Amino acid sequence: MSVNYAAGLSPYADKGKCGLPEIFDPPEELERKVWELARLVRQSSNVVFHTGAGISTASGIPDFRGPHGVWTMEERGLAPKFDTTFENARPTQTHMALVQLERVGLLHFVVSQNVDGLHVRSGFPRDKLAELHGNMFVEECAKCKTQYVRDTVVGTMGLKTTGRLCTVAKARGLRACRGELRDTILDWEDALPDRDLALADEASRNADLSITLGTSLQIRPSGNLPLATKRRGGKLVIVNLQPTKHDRHADLRIHGYVDDVMTQLMKHLGLEIPAWDGPRVLEKALPPLPRPPTPKLEPTDKSLAQLNGSVPADSKPEPCTWHNGSQPASPKREQPDSPAPRRPPKRVKAEVTPS
């Protein structure tokens, strides 16, 4: 459970702003915003989702900074409520919607701060997923870097040895590697994994649309990755009930439960959310499925700025997709400076004041 995960971390005083009030868009406004989100997804060629703890609360796993989050309750001297274990938690509608979006080629990559393993257990392909803070179900060989996805949580945290050894054969006829296996869960001062950080950075730079789901974007460097999309000329959509650190940079802000938003999005895209039929691990993405016919999206009479509430509703409308009325060039594909940062940044504290 996230409670046990949080308790297993080293003491750390500055966990960011916790317990901020939640904001809910009125139903009609939410519908219009999700229509616009569907339009952006259809218009984009490289969509990246950034996910946080808010996408797993519907499975019974509490978040950290929400009104009843683990750290919010801790600040109040109260015990957080939890309804399940990591092993018993089921992927949410949001997890399964992401699986289907990837299958039909509308989603290029997912960058996740979550350690609950639900992306992998939902069947989302691991080669299109960066788990920046680790996975409670994964252990890695310290010698050959082979990863093992287990059916139960590994049992240790902080990149510690688990007591098991690597069974990968070095070569035909030779004995197994027998390197020590370690968990993949980061503590506060641990450096982010080279491979996952490099993939997340490259995906964020090359995206023409980044969508954040259920994250306050307070933890660095994970929370700053969506800004790489903006710097390259792409769009940023933030879906969260609480204010986030990067709200002022968003082209569209949606305040609603992520499951409700994703359910409406899939409807507007003409896609079904697949049922979850038990844990399954998919190492590599399959060839994309054909997309269904695109349903006609109802036009919205509001610009992105009006939907965000930054322009009066009776002002002259601007083009929905581009602030200056002209379409910018597609973001230039950019490779990271190196395959993996030589000294990856540490998982550092949250910045104190969200914007």
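From the backbone N, Cα and C atoms, a Cβ is placed for every residue, glycine too.
Here the structure is a predicted model, which means the values were calculated and not measured.
Taken from Swiss-Prot, the feature NAD(+) binding site applies to ALA53, THR57, PHE64, ARG65, TRP71, GLN113, HIS133, GLY214, SER216, ASN240, GLN242, VAL258, supported by similarity to another entry.
What Swiss-Prot lists as compositional bias 'Pro residues' is 287-296. Across the compositional bias 'Pro residues' (287-296), DSSP classifies residues as 0 helix, 0 strand, 10 coil.
The feature domain 'Deacetylase sirtuin-type' is assigned by Swiss-Prot to 27-272.
Among the features that Swiss-Prot reports, N-acetylserine is placed at SER2.
What Swiss-Prot records for SER10 (among others) is phosphoserine, and it gives similarity to another entry as the kind of evidence.
Secondary structure at LYS33 (N6-acetyllysine), taken from DSSP and collapsed to helix, strand or coil, is helix. Per Swiss-Prot, N6-acetyllysine is recorded for LYS33.
Annotation comment: Swiss-Prot describes THR294 as phosphothreonine, evidence class similarity to another entry. Around the Cβ of THR294 (phosphothreonine), the same chain contributes ARG42, LEU269, GLY270, each under 8 angstroms and 6 or more positions distant in sequence.
Residues or ranges marked as phosphoserine in Swiss-Prot (evidence: similarity to another entry): SER303 (among others).
The phosphoserine feature in Swiss-Prot is assigned to SER330 (among others); the stated evidence is similarity to another entry.
For 284-355, the entry in Swiss-Prot reads region 'Disordered'.
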For HIS133 (NAD(+) binding site), list the number of other Cβ atoms lying within 10 Å of its Cβ atom.
20
With a Cβ cut-off under 8 Å, give me the same-chain residues at least six positions beyond the ends of the compositional bias 'Pro residues' (287-296) that come close to it.
42, 103-106, 268-271
State which of the following binding-site residues has the fewest other Cβ atoms within 10 Å around its Cβ: SER216, GLN242.
GLN242
In whole Å, note down how far the CA of HIS133 (NAD(+) binding site) lies from the CA of LYS33 (N6-acetyllysine).
31
I want to verify one value. Collapsing DSSP to three states, which class is ALA53 (NAD(+) binding site)?
helix
